[in-house]
Structures are given as structure tokens and as C-alpha cells.
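Notes for the one structure printed next.
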Amino acid sequence: GPQRPPCPQSTQYGSCSLRKMGAMEALELLDQLVDESDPDVDFPNSYHAYQTAEGIRKAHPEKDWFHLVGLLHDLGKVLALFGEPQ
């Protein structure tokens, strides 16, 4: 099929030149964010990531890659701290 042009975010962030951080730093940054999809939650956003990973680990103990996906699944939300809409 026809090739799609790259999305503006890919052009802006694809080189990873804005900022580099480890996964744990990004998880900590999530805690600075008020999630528009769930603004009344009283616990940090990183808690949801750990909760998700732990739930997947219990359900699928043999799939370590899946545990990691559960932990990282919301990390893109940190872009809201850099001006992207949620």
C-alpha cells in the first residue's frame, strides 16, 4: 500500500534528542502528571504501572516480556509534561 508520511511526533521526538532518561525516571515523571482520564485518583500514576505489571505477572508468570509491557504501557503520557496533549 501507499506509504504514510511520518507523524509530527515521530519527526519531533524520533531522534530522542529532546531528552534521554531511563524507564525508572520516566515512571517517576508520571507522578508529576494529573491524568485527564482519571483526575480524582489519590495514588501516584506510577502505582498504576506497577499494579498492571503485577497483575500480569500473577496471570502469566511465564511471560516476563508481558510483565515489562504492563509496567511501561503508560510511559508515553510523560510527553504531556513537554507540551503534548493527553
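Glycine too: its Cβ is placed from the backbone N, Cα and C atoms.
For HIS48 (Fe cation binding site), applying a Cβ distance below 8 Å and a minimum sequence separation of six or more within one chain yields VAL41, ASP74. Here TrEMBL flags HIS48, HIS73, ASP74 as Fe cation binding site.
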Within 8 Å of the centroid of the Cβ atoms of HIS48, HIS73, ASP74, which other residues of that chain place their own Cβ, given that this set defines the recorded Fe cation site?
LEU30, ASN45, ALA49, THR52, GLY70, LEU71, LEU72, LEU75, LYS77
Using all protein chains in view, find how many other C-beta atoms are within 10 Å of the C-beta of ASP74 (Fe cation binding site).
19
